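Comments concern the structure below.
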Amino acid sequence: MSRSIVRQSKFRHVFGQTVKAEQGYDDIRVSKVTWDSSFCAVNPKFLAVIVESSGGGAFLVLPLSKTGRVDKNYPLVIGHSGPVLDIDWCPHDDNILASCSEDCTAMVWQIPDHTLTRPLSDPVVVLEGHSKRVGIVSWHPTARNILLTAGSDNLIIIWNVGTGEPLISMDDHPDLIYSVSWNRNGSLFCTTCKDRRLRVCDPRKREVVAERLAPHEGIRPMRAIFTRDGNIFTTGFTRMSQRELGLWDPTNFEEPIALLELDTSNGVLLPYYDPDANMVYLCGKGDSSVRYFEITEEPPYVHYLNTFSSKEPQRGMGFMPKRGVDVSKCEIARLYKLLDKKCEPITMTVPRKSDLFQDDLYPDTAGPEPAMEPEEWLDGRDEDPILVSMRQGYVPPKSRELKVVKKNVLDSRPTTRRSMSTLDTNSLPLSPVFIDFL
């Protein structure tokens, strides 16, 4: 008599659950712009959602505790003259948010802890260097104040937001850039592009160190993210327009570690990665389900775990950093699903009977302190994230004010500093400007 062997994994029984209706966020006019970004960003303090706005671009920022119906006159963050395309919270300060827009700029905002009483229209810094719309913003995972932007001019610019100046510019992409993802220590990033190539770039050398033509044979958009082991997880389409996921070793792009066909839906799969559990959550725009997988070192390397399904299709999704989950309920992830008029949190939980802290579910996770300064990173230093324990439940630090300061100038604290990129980054001097957190 043969017995089937069930793979042992502590995440095999993870289940998703929508919170109660009163714990969601209602009456949010989610943006209808045709752009494949998540439209939502979340951290342990705030929820930010790109919304419909007349006369420019705007997004809504709510304290996580402000659940229920959102007043139609609730103040927005307004400053862009065109629709906002992407937003990203700074991993080192929960009050700092970056946004980018069709108006060819990116902006960095200081969000106050108190509830907004009037629209916020003054960014801390405006980053001007792209000649076409800016579709991607992504903070460096370990260095303070390093921000990457990618635009429809096929240009990637890396900024020091403390000075408002471009540090690095890369023009290696001949077509539209679909996605950008930093690796764990921020020494490399990977990109997917409309020319169907997956690239691994070293920004400080200003070169592409590895590339693969057509990791997925279809012509529809791809997405790629770095895993904690340095491999690359991709989503895309087959030649027959079936959705597909893959796992690749960037040191050997010839053959995939794993390649798995999913279904024939036409929405782009957005991957959200949990490096502590080594799990990936796949959310397709227009889908009403979230699939989740575990990445392991033994075949088949990418293990399907389960699917969370609901009735309504999602317009976008936000993913909470691990330090914002509820450890007392064995919650290992929380997603914020955008619908047409509301946002509903989805909790991912490992069923456990014990009320004690579960060490195996919560290894030390990336904390809010940067591991190095921007000048150190630019000089070639690499550092892994500074880890914090989850044992006592994460307590957010007090808000730190972001200042843009310039030496030897009477006006030492401008509210907004505009900067123009010359894009001649090889000749850029180190700036005398620095950032100071109080």
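Glycine is no exception: its Cβ is also placed from the backbone N, Cα and C atoms.
The following features are taken from TrEMBL:
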- 4-68: domain 'DUF1899' (DOMAIN)
- 77-119: repeat 'WD' (REPEAT)
- 127-169: repeat 'WD' (REPEAT)
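Secondary structure counts, DSSP: the domain 'DUF1899' (4-68) has 3 helix, 24 strand, 38 coil.
For the repeat 'WD' (127-169), the number of residues in each DSSP class (helix H, G, I; strand E, B; coil) is 0 helix, 25 strand, 18 coil. According to DSSP, the repeat 'WD' (77-119) comprises 0 helix, 22 strand, 21 coil. This prediction places the mean pLDDT of the repeat 'WD' (77-119) at 95.
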